[in-house]
Amino acid sequence: MATVGSLKPLHHSSCSSSFPRNPIVNRKALLGFVFDSARKNQIRCENLRYSSESDGKRRNAAAKKRNQSPERCAAEGVLTGGGGSEAIAEVRTMMPERIKVVILTACMMCLCNADRVVMSVAVVPLADKLGWSSSFLGVVQSSFLWGYIFSSVIGGALVDRYGGKRVLAWGVALWSLATLLTPWAAAHSTLALLCVRAFFGLAEGVAMPSMTTLLSRWFPMDERASAVGISMAGFHMGNVVGLLLTPLMLSSIGISGPFILFASLGLLWVSTWSSGVTNNPQDSPFITRSELRLIQAGKPVQPSTISPKPNPSLRLLLSKLPTWAIIFANVTNNWGYFVLLSWMPVYFQTVFNVNLKQAAWFSALPWATMAISGYYAGAASDFLIRTGHSVTSVRKIMQSIGFMGPGLSLLCLNFAKSPSCAAVFMTIALSLSSFSQAGFLLNMQDIAPQYAGFLHGISNCAGTLAAIVSTIGTGYFVQWLGSFQAFLTVTAFLYFATTVFWLLFATGERVF
């Protein structure tokens, strides 16, 4: 709750209105926060502006003679209450609906990744107990990707057709069920474990296309990268939460503890999401007209006003080089990301001989900084676009940072002599890789706004294949060569090659 003192009226519209000059309140106003005093006065948003204080006073005096209440008005993009020279003694703000949407989306992304990480940590005691080799450990780690690869394309098409709300609700419910069944499957048989993890991946495949499509509908262009950055910050924080909580629960409760916890949180999220979110802002019963105008500003065509069209042919999509730039970027991003996600605890334990809890702490630090840097990458992208830089140049700058930085860091990781030094290089690699969120991940909405879910599914399908190869390949490389160095070097040069392709062929202009 904020309190402001006596203020002079702001006569820039058809009424005598008081607008708080507190800079914090003003900033909230520009973001679309609604003042409670505005709701009580039932302010009309359609009033025209008037150039002088006297003009506003004359019109209000005329209204009083007609026994009508003086008009109150809405400043551009924000409602204000009060009237005449009355001071606003107390201002309470109500959170914009789009902020609620991005917070719930970030929570979903946090659960999405935490559920993956639980297995990355729990697999270490399982491997010791069941006698798995490094190569078979890679098979188990990659098993969720077997289902993920199929749901990426299907999930993207479903999101384009039905919207992100319903698809996400079903996806989270099903992957929470699979998470709950994982310890039972591990105790039953290896085959059952692989099947449950594949089903888990099948359900999780809808998360990314749903997130990008939903946020593109709820946020204006100059806020979209920040919204994705916040959601992906939640995604990366899922790594931190999973890496820190899982060892504690494994030691105190057992294998089933962390799986039951995160499955329960997922089902709780579904109940909240289903009752509080709509696919499009104009369908929300809670959104204000001022916030809706702010969202729609700069959007020449709204998704809800477009008649549904069939997805373009795969041949047409693949005939354009910007599509291939996105596909190769997704392949490289997933290759490097899943190597670190699946093998980081194992890396610290085998290379530096630290215990599981210490390995989890060293692994958590890079993901925590990635969550923070991802938000700032999105904010920087939005700032560059607002200040006149072309979307194409911004996407190329962000993606170049997101690939060149990790490539150089992984090469340096080969020379790390202590777990602390290795954690620093991994932190730099993952922090800079988060700039990809403002690169290829947003570029799908740029080149194909009507088919972004379908395009995301296609590129994510290729990226999932790369993740399977890299996750399994790391295990074989380690088993054959006895170290991680060779595979880290291969991954670094893949980052460099994809950066060149991206700079040559990526675009921020609409293609489809």
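Just so you know, glycine gets a Cβ as well, placed from its N, Cα and C.
Swiss-Prot lists 1-44 with the feature transit peptide.
For the transmembrane segment (102-124), the residues of the chain that approach it from at least six positions outside its boundaries are 137, 140-141, 144, 168, 172, 175-176, 179, 182, 197, 200, 204, 207, 211, 214-215, 218-219, 227, 230-239, 241-243, 246-247, 250, 255, 258-259, 262-263, 265-266, 269, 272-273, 276-277, 341-342, 344-346, 349, 356, 360, judged by C-beta separation under 8 angstroms. The transmembrane segment annotation in Swiss-Prot covers 102-124 (among others).
Nonlocal intrachain contacts for the transmembrane segment (139-159), taken as residues 6+ away from its ends with a CB within less than 8 angstroms of a stretch CB, comprise 116, 119-120, 123, 126-127, 132, 167, 171, 190, 193-194, 197-206, 208-210, 213-214, 311, 338, 342-343, 452-458, 460-461, 464-465, 467-468, 471-472, 475. Annotation source Swiss-Prot lists transmembrane segment at 139-159 (among others), citing sequence analysis.
Residues annotated as transmembrane segment in Swiss-Prot: 167-187 (among others).
Feature annotation from Swiss-Prot assigns transmembrane segment to 191-211 (among others); the stated evidence is sequence analysis. Taking Cβ pairs closer than 8 Å, the transmembrane segment (191-211) reaches residues 105, 108-109, 112, 115-116, 119, 139-140, 143-152, 154-156, 158-159, 164, 167-168, 170-172, 174-175, 177-179, 181-182, 184-185, 228, 231, 452-453, 456-457, 460, 464 in its own chain, all 6 or more past its ends.
Packing against the transmembrane segment (228-248) from elsewhere in the chain are residues 102-103, 105-118, 120-122, 211-212, 215, 258, 261-262, 341, 345, 356-357, 360-361, 363-364, 367-368, 370-372, 374-379, 430, 434, 437-438, 441-442: each is 6 or more residues past its ends and has a CB under 8 Å from a CB in it. Feature annotation from Swiss-Prot assigns transmembrane segment to 228-248 (among others); the stated evidence is sequence analysis.
The transmembrane segment annotation in Swiss-Prot covers 250-270 (among others).
Annotation source Swiss-Prot lists transmembrane segment at 324-344 (among others).
Marked as transmembrane segment by Swiss-Prot on the basis of sequence analysis: 359-379 (among others).
Taken from Swiss-Prot, the feature transmembrane segment covers 396-416 (among others), and the record attributes it to sequence analysis.
Residues or ranges marked as transmembrane segment in Swiss-Prot (evidence: sequence analysis): 422-442 (among others).
Residues or ranges marked as transmembrane segment by Swiss-Prot: 462-482 (among others).
The transmembrane segment feature in Swiss-Prot is assigned to 486-506 (among others); the stated evidence is sequence analysis.
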Contact set, same chain, for the transmembrane segment (462-482): CB under 8 Å, 6 or more residues outside the stretch: 133-139, 141-142, 145-146, 148-149, 152, 205, 327, 330-339, 342-343, 350, 491
Stretch of maximal Cβ-Cβ contact with the transmembrane segment (250-270) [cut-off: under 8 Å; candidates 167-187, 324-344, 359-379, 396-416, 422-442]: 167-187
When counting Cβ pairs under 8 Å to the transmembrane segment (396-416), the leader among 167-187, 324-344, 359-379, 422-442, 486-506: 422-442
For the transmembrane segment (486-506), distant same-chain residues with Cβ under 8 A (at least six beyond the ends): 321-322, 324-326, 328-329, 331-332, 335-336, 339, 392, 395-396, 399-400, 403-404, 406-408, 410-411, 413-414, 439-440, 443, 470, 473-474, 477-478
Other parts of the chain folded back onto the transmembrane segment (324-344), taken as Cβ under 8 Å at six or more residues beyond its ends: 116-117, 120, 138, 141-142, 145, 239, 318, 359, 363, 366, 399, 402-403, 406, 410, 426, 429-430, 433, 436, 439-440, 443-444, 447, 455, 458-460, 462-467, 469-471, 474, 484, 487, 491, 494-495, 498, 501-502, 504-506
